[in-house]
Structure formats: structure tokens, C-alpha cells
Amino acid sequence: MTPALSKQTLLFTTFSLALTRVSYCSVANANVNSSIPAIANYFGTKGRYEEVNPYLINDILSVNKSLLKPGCTDCTAVHVTAIIRHGTRYPTTKNIKRMQRLYDLVLNDAKNTDKWLTDIKTKWEMWYTEDMDGKLVEKGRDDHRHLAVRLATFFPSLMSEENLRSHRIRFITSSKHRCVDSIVAFQEGLLNLWNVTEVGPSHEINDELMRFFDQCKKFVDDVENNKTALEEVHLFKASAEMKIVQMKMAAQLQVPYNHITPDLVEAAFFLCSYEFAIKSLNSPWCNLFDETDAQVLEYKNDLKQYWKRGYGHDINRKSSCALFHDLFNRLDKAAHEIRFGHVSEAVTIQVGHAETLLPLLALMGFFRDETPLTADNFDLQHGRTFRTSRIVPYAANLVFVLYDCSEGLRLQFLLNETPLKFPDINHQAPLYNTVRETYRELLHGCNFEKECEPSRPNRNCEL
């Protein structure tokens, strides 16, 4: 019987095969006449919204109202809450520094003379500057202007000029400049739609809701500032899968393998994704990766989000308790007011971060895989539901629609403008009371102050 191959043996066997494909892939990728990188579906939290909804590529204002049918007759939408991620942004200063190091390495050490690499050396310039530091780009403003128009098209009776003027549309945002700029752009989209030229509506800054993770001491202590909290991510960065990507990239550039660190691999991947997200360019940097490489790098990003914002640690989810209760308090208020024929707050628009949306989704049980994501089960996770590329691209949105129907109130959930069933409820728009019953334990518990109380150190000592 042939003995089982170790993972390290498989690594070098696979790498040998990969090397035979490197020159072919470079030529093949360079000859693809497309404005969309072949790996665009794997950019994780750095991905465009259009990759989630490709029909928007041809018509950015396209909507499919048939998706909103709650499955029952005689239903009228009476309230909408939308929790939205900011639009496309520049890289952070930390990543810009990494990109600069990679660019310097390519200029000074890369020996490959393929056209795409020559183009990087002679035509591409390092235009990212450290002062950009995560600021919203014009594409990000357009993300929100266009989303505003589409949501107003979905819900014309609620997102109306009349409701805006009567202050029945409320705007709440994180204090971060990219979120403030996003919500202003969203308002601009509505004002332009209605040809309103007056000064736009106001917005509230509320970090307790939209940046709850900063306010949760237990999360900050146990996850944010705990070096061991992301151990699975660190292990995967040293895995066989990542080493193959490093080796292939070193071979592509014709530089020594030890010059290519996991951080530089990620910097190249980010350059590809940012050039596309910000400028809609299929950058020559994208030639460094094939689909297999992109799947590995997407998984590395998903591991980070899983263990820092998702199911990896219980406090990740529980840190969103305040936002969860805020949502259901608003829905409860609308459900009560509709009995008297008028809902005071027709629409609530809340703008935050991927770090705002993911914990809330996890708290509510969405995208929970049976097998947790770990450093050593990449091969088993190709069919995972927790894929940030699909869940939280730029301008990702969670939309909760409350309907008044003949048989009672119903609630529909949309993720990125597509209906998604609540976990364990087999109806597209279940009765609101059914949803409340599903989340009964959270509604009667999930106390932010209690959940976020810092862990007490063990003060036991020997007597």
C-alpha cells in the first residue's frame, strides 16, 4: 500500500505542477481583453457591489420589483430599515505602506520581462498616498447615490419626497468620514431623483449603534487586543496553501522566494482589487494570481472576518446586541403605530461598516456553516456559506421590510437587494410575530452592558 503523502510533500508536488503553469497563466491572463479581472469574485470585503449583482453592470439603476412580493395578497409596506456599509474607499495607511514595499521590490528586483510586468515598471505609478487612509472615493459616493435611487424605486410610497420633507425618513451614521460621506451621497441620490435643490436633510452620528464594537470592552479585550484571538488566521498564513501562492508569485516575478512574504502577497491582491473597485481597471497586478490563488486569499480574509466579526468568538456576535434591539424596537414601534393608521418613521437609513453588518448577521444566525472555518480545513470549505465576497462587498445592505397584510404584519429580509429567508423559518416574508418568537431569547436577553462587561481576571490564590 502506498503511504499517505504528508501535506508538505503535497505542497512541493503541487508547486512543481504550478510552476509549469506559471508562464502559461501569465500569457493567458495578459491576453484576456476584459475590463473585469478573472478573479473579481474573490475579493472579499474589497469587492465591488456589482459582482454580487452582475445585472447592475449594464444598468446601475435596475431593480426587480417582483422579488419583493411577500408571498401573500393585500400587503402594503409600512416601514423599511436599511443597515448599509459605506461605499468604495481607498486603502488604509497600513496597506498603502505594504503596497509601496511591493512596488519597490518589483521595480528593483523583478527579472521577468513579460509585457504585463514591464507595464507595471514603466507605465504604472504608485499613486496611493498615506493620507488617503480609507477615505471614500467618488465610486463610493456613486455606490450610495445609486442605491438610494434603487431603494426609492423598490419602496416609492415610503421613500418619497413628502416623507423626507415631513421628517419621516431618518438618517444615522458612524462618525467615520467614509460613512458620513456615504450617507450624504445617499441623500444626494434621493434629492437628485426628486429634483430637490434645497439643502439636504440632516443626519445623526451614533457610534454606540454603528460602531458598537469599539464600545464593547469585552470584545476589545478578548478579541481586538488579544493576539491569540486570530490564531487560525496566523496558522493559515503559514500553511501549505499560502506557501504555494508565495512560491508562484516569486516565480512570476523571478525574485527569491524569501523576498515574498504573506503580507506582500496580500498587498498585490489588494492592488488588483483596489484598482478594479476604484477605477474599474483590470490591472496588470492581477496577472500575479490565478483562480486557485484567489480562492486561497479569499479564504484567508474570510478566516479573519469569521474569527474577528463572525462565529469564531461568541462576543463577536453579542457585541451587536444594541443594534439588534434598536432594530426590533423600531419595528415594534411601527407595528404598534400601524394599528392607528400612521407610522411616524417610514424609513430608517443607517450607515456603518462591514464590521457593523457581519456581527449582526451572525447574531441572527445567517451564514452559519456546520463546520467552523479553521486553518486546516480549507479543502473542506469550498462550499461554505460564510463568504464575505458575497455578503459584505462595498455598499452591502441589510434591508428589513415590515408589511401590513390582511392576515397580519409580515417581515421580509433582503441582503444586497435579494430576499433571504430568516434561519429556521421557511417563508420569504413570515408573520412578524413568528420572527419575534424565533428571536425570543435574544429579545428578552442579549443585554449589551452585561455581554460586554470585561472578563474578570482569576484572582484565586493559594491559601
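Positions of Cβ are set from backbone N, Cα and C atoms, glycine also.
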### Query
Cys75 pairs with which of Cys272, Cys286, Cys321, Cys405 in a disulfide, per TrEMBL?
Cys405
### Query
Of Cys272, Cys321, which cysteine does TrEMBL list as the disulfide partner of Cys286?
Cys272
## Note on the structure
Across the disulfide-bonded residues (Cys286, Cys405), the Cβ with the fewest other Cβ atoms inside 10 Å is that of Cys405
### Message
Measuring Cα to Cα, how many Å separate Cys405 (disulfide bond) from Cys272 (disulfide bond)?
### Response
47
### Task
Between the Cα atoms of Cys272 (disulfide bond) and Cys75 (disulfide bond), find the distance and write it as a whole number of Å.
45
### Summary
One residue among the disulfide-bonded residues Cys75, Cys272 has the fewest other C-beta atoms within 10 A of its C-beta, namely Cys75
